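Straight from Swiss-Prot, the features:
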| type | residues | note |
| --- | --- | --- |
| REGION | 1-20 | region 'Disordered' |
| COMPBIAS | 1-16 | compositional bias 'Low complexity' |
| ZN_FING | 26-74 | zinc finger |
| BINDING | Cys47, Cys50, His64, Cys66 | Zn(2+) 2 binding site |
| ZN_FING | 118-166 | zinc finger |
| BINDING | Cys124, Cys129, Cys147, His150 | Zn(2+) 3 binding site |
| BINDING | Cys139, Cys142, His156, Cys158 | Zn(2+) 4 binding site |
| REGION | 185-240 | region 'Disordered' |
| COMPBIAS | 185-236 | compositional bias 'Low complexity' |
| DOMAIN | 278-356 | domain 'UBX' |
Amino acid sequence: MQQQSPPTAPQQQQQQQRERETYQLDHIGVHCNVTDCRVLDFLPFNCDLCNLSFCMEHKGYENHKCKNIEQRENKIVHPCPVCNCLIKVDSLANLDQTVRFIISVHMDTDCKFNQSKAPKSFKCSLKTCKTSEFVEVKCDKCKSNYCLKHRFPTNHSCTGKPIINSLSKPINTTINNNINNNTNNINNNINNNKNNNNNNNNNNNNNNNNNNNNNNNNNNNNNNNNNNNNNSNNNNKLIYPGNIKKNIVEDKQYYLEQKNQKSELQKLREEQNQRYKSSEEIGEIGIIQTNGARIQYDFMATDTLRSVQKFINSNRTDGTCSYALCTQPTGNPFTLNQLNLSIRQLGLLPVSTLYMLPLDNSNNFNNSGNNNNNSSDQSLLSYLNPFKYFK
C-alpha cells in the first residue's frame with residue numbers, strides 16, 4: 001500500500017479558498033444590526049422607526065432598544081361611509097371635526113362613488129313618459145327636454161310654447177281670489193259694525209225707522225256675503241288652459257281605440273280557438289262488411305266520406321264486390337254528391353256505424369243504358385271490377 005503524501009502549503013491555501021467560496025452566503029441574507037448578535041437572517045425584519053434590519057429575536061422595539069421609540073404616536077383610521085375605504089386620521093385633537101373634514105375631503109377627491117363624477121341624466125318632460133337620457137335633447141319649438149322617442153314635435157304634441165305646470169296658474173288665481181274675498185268680508189264687517197253703532201245711538205228717537213234700516217242693512221250684508229261666497233266657490237275651481245283639455249281628449253280617444261283593438265283581437269283569438277278545437281274533434285266510425293266482419297278507425301271531423309271509402313277499399317276482407325254505404329242495414333245509401341261532405345256535416349260524430357250493402361254489378365251494367373232515375377243509380381259505388389263483365 002502506497003502512503004499518501006501530506007498536502008503542501010499551496011494546496012492547503014487552495015482548499016481553504018474553495019471552502020470560503022462555497023460556504024460564504026453574505027450576499028443572500030442580512031446580518032442583525034445588534035452588535036452582540038450579528039446573526040445572518042434570510043428573512044429579516046425592518047423597524048418602522050429606525051429603518052434597520054433585525055433578526056427574529058430582536059425585531060421588537062424594546063429588544064433592539066430602538067432610539068426613535070419616543071416618536072411613535074397612536075394612529076386612528078376611520079372608514080368612509082360610501083366606499084368603506086379606510087382613511088388615516090393624523091391629529092387626535094378635536095376628533096369629531098377632524099374626522100368630518102377628512103371624510104369630506106376624501107369624498108370630494110378620492111372617493112369612488114363621487115356624485116360629481118357621475119354622469120347626469122335628463123328626464124323626459126312628457127307626463128306619461130318616465131325615461132331619462134344621458135344626453136340633453138331639446139325641442140326647437142318649445143325648447144323643453146325630451147327622450148329620443150318623443151323628441152319630434154309630432155310625438156309630444158308640440159304647441160310651440162314652453163311647457164308650464166298646469167296647476168301653477170289655477171293656484172295663483174285661487175290664492176288671489178281668496179285674498180280678495182277675505183278683504184271684502186273684512187270691509188263688510190266694519191261697515192256693518194258702524195251701521196249698528198249709529199243705529200244704537202239713534203234708538204231712542206227713531207226705533208221703528210232704525211229697526212227697518214237695520215233689517216235692510218242685515219239683508220243687504222247677507223246678500224253680499226252669499227254673493228262673495230258664491231264667487232269664492234266659483235273662483236276656487238281650477239281653470240285649465242285649452243291645450244291641456246285638447247291633450248286630455250286625445251288621450252281618451254287613444255285609450256278607447258286601444259280598448260276596441262283589444263276586444264277585436266280577443267274575438268279573433270276565440271274564433272281561432274274554436275276552429276282549432278273543432279278540427280281536433282275525432283269521430284269513431286265502425287264499418288260492417290258484407291261478410292259480417294267489422295273494421296274500425298278514428299277519423300278527423302274534417303275528413304270527407306271519400307277518405308272513409310278509401311280506407312274501406314284498402315282494408316276490406318270480404319272480397320271485391322261493389323257496395324253502397326248506409327247508416328242502417330235497410331236505409332237509403334249515400335249519394336255521389338255526398339262524397340265531398342265532411343263527417344261533421346253528415347252527422348257521424350262522435351260515434352257511428354256504417355253498413356256495406358252489396359250490389360249486383362250485372363244489373364247495374366245492363367240498366368246503365370236506360371235513363372231511369374232510381375236511387376240505385378245514384379248510390380255510392382266503391383269501384384267496379386271491369387274483368388267481371390268479360391267472362
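Cβ atoms here come from the backbone N, Cα and C positions, even for glycine.
Annotated features taken from Swiss-Prot, shown on the structure.
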residue	record	DSSP (3 states)
Cys47	Zn(2+) 2 binding site	coil
His64	Zn(2+) 2 binding site	coil
Cys129	Zn(2+) 3 binding site	coil
Cys139	Zn(2+) 4 binding site	coil
Cys147	Zn(2+) 3 binding site	coil
Cys158	Zn(2+) 4 binding site	coil
The DSSP breakdown of the domain 'UBX' (278-356) into helix, strand and coil residues is 20 helix, 27 strand, 32 coil
Just counting, how many other CB atoms are there within 10 A of the CB of Cys124 (Zn(2+) 3 binding site)? 21
Same-chain, non-site residues whose Cβ lies within 8 A of the Cys47, Cys50, His64, Cys66 Cβ center for Zn(2+) 2 are Asn33, Leu49, Leu52, Phe54, Tyr61, Lys65, Lys67, Asn68, Ile69
Cβ-Cβ distance under 8 Å, sequence separation of 6 or more, same chain as Cys158 (Zn(2+) 4 binding site); the residues meeting this, in order, are Cys139, Lys141, Cys142
Using a 10 Å cut-off, grab the number of neighbouring Cβ atoms around the Cβ of His150 (Zn(2+) 3 binding site), all chains included. 20
Cys66 (Zn(2+) 2 binding site) versus Cys147 (Zn(2+) 3 binding site) - Cα distance in angstrom: 68
What is the separation, in Å, between the Cα atoms of His64 (Zn(2+) 2 binding site) and Cys124 (Zn(2+) 3 binding site)? 71
Apart from Cys124, Cys129, Cys147, His150, which residues in this chain have a Cβ no more than 8 Å from the mean position of the Cβ atoms of those residues at the Zn(2+) 3 site? Ser125, Leu126, Thr131, Tyr146, Leu148, Lys149, Arg151, His156
Pick the one among the binding-site residues Cys47, Cys66, Cys129, Cys139 whose Cβ has the fewest other Cβ atoms within 10 Å in this structure. Cys129
Work through the binding-site residues one by one (Cys124, Cys129, His150, His156) and name whichever has its CA nearest to the CA of Cys47 (Zn(2+) 2 binding site). Cys124
So of Cys142, Cys147, which of the binding-site residues has the fewest other Cβ atoms within 10 Å around its own Cβ? Cys142
Run through Cys50, Cys66, His150 for me and report the binding-site residues whose CA is within 10 Å of the CA of His156 (Zn(2+) 4 binding site), in sequence order. His150
Row His64 (Zn(2+) 2 binding site), column other C-beta within 10 angstroms, all chains, value 20
Among the binding-site residues Cys50, His156, which residue has its Cβ surrounded by the fewest other Cβ atoms within 10 Å? Cys50
Candidates Cys124, Cys129, His150 (binding-site residues); nearest Cα to Cys66 (Zn(2+) 2 binding site) turns out to be Cys124
